[in-house]
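Trainee: In case it helps, TrEMBL gives these features for our protein:
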- 150-195: domain 'BSD' (DOMAIN)
- 223-232: compositional bias 'Low complexity' (COMPBIAS)
- 260-278: compositional bias 'Acidic residues' (COMPBIAS)
- 291-304: compositional bias 'Basic and acidic residues' (COMPBIAS)
Amino acid sequence: MDLWERARAFAGEAAKRSQELSAEAAKRSSALVSETAKKSKEIFSETASKSREIAAEATKQADLLAGQIKHLASDIPVPSIPPIPAIPPIPTAAALEPDAAELERYGITDDLREFVKGMTISTFRDFPLQEEPEMSDVPTVSNVRQDLNEWQAKHATLVLSSVKEISKFRYELCPRYMKERKFWRVYFLLVNSYIAPFEKKYFEELKLKAEEEKKDSQKEASESQASQATPAELKDAKAPSKTSTNPEHDLDVFLLGDLGSDDEGPDVGDDGLDDDFDKIDATSGLESDDDDKKPAAGKADDAK
């Protein structure tokens, strides 16, 4: 019994002690929470105060820096920015189509369009055209065979882009039922009466243009040669010829040499030439005409 009583007393004491410890722990926890909340409040308040001070200082520094930048910017000349050029509009499909004048030049007229509308696939397939021997491969540019002449190649290119019937026929026939070369031969034979005048006019214009360019080139060449002539050649060309048309004068020039006229050259030397003639008379012993005349004059006096 004493043991049982002691156990009960010990259990009651333990329970009482546990309650006291719990109350003490709760009290201390409450005090700790209260102290922590107080400290947190103080820290938060101090942090908020420091943040406000830092924000005010940053605002002050920012205003000061903005004032300095504004002052410096007022002293720097601002370059004028050229206006941005307008971006040209992208050409539409209608803008890429050839104009009416070009179509007219290459024979694509309303009459041709009406004639083409009456064609069918059978028009090409059943056309009585004799097959030609196989030729070497000819390159194709823009869906047009290059064995056509200049005008035909341009006409074929335009007609494919502007006449949908021809484009459709070519797509369905080539190369499944006929070769490209045969297709265009049949086409140009069918429309020959409609396009022949335009083709003829085109090549006539080319011929006239070539002749004009040839004339211009010849004229430029002659002008270039004339500009490259030396002044001496020009002087010789402008100087009159000294050759006389008198035969006797030409004979004298041939025998005596062209001494030139008396007006050319100075008169110096004539006296020396007269002295030479006097010396020749003195040494030759020939009588002059004056000596012959003197005796005749004496005889005439005697007769008187």
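A Cβ is built for glycine as well, from the same backbone N, Cα and C atoms used for every other residue.
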Trainee: DSSP says what for the domain 'BSD' (150-195): how many helix, strand, coil residues?
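Mentor: The domain 'BSD' (150-195) comes out at 38 helix, 0 strand, 8 coil.
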Trainee: So what's the average pLDDT for the domain 'BSD' (150-195)?
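Mentor: When the pLDDT values over the domain 'BSD' (150-195) are averaged, the result is 93.
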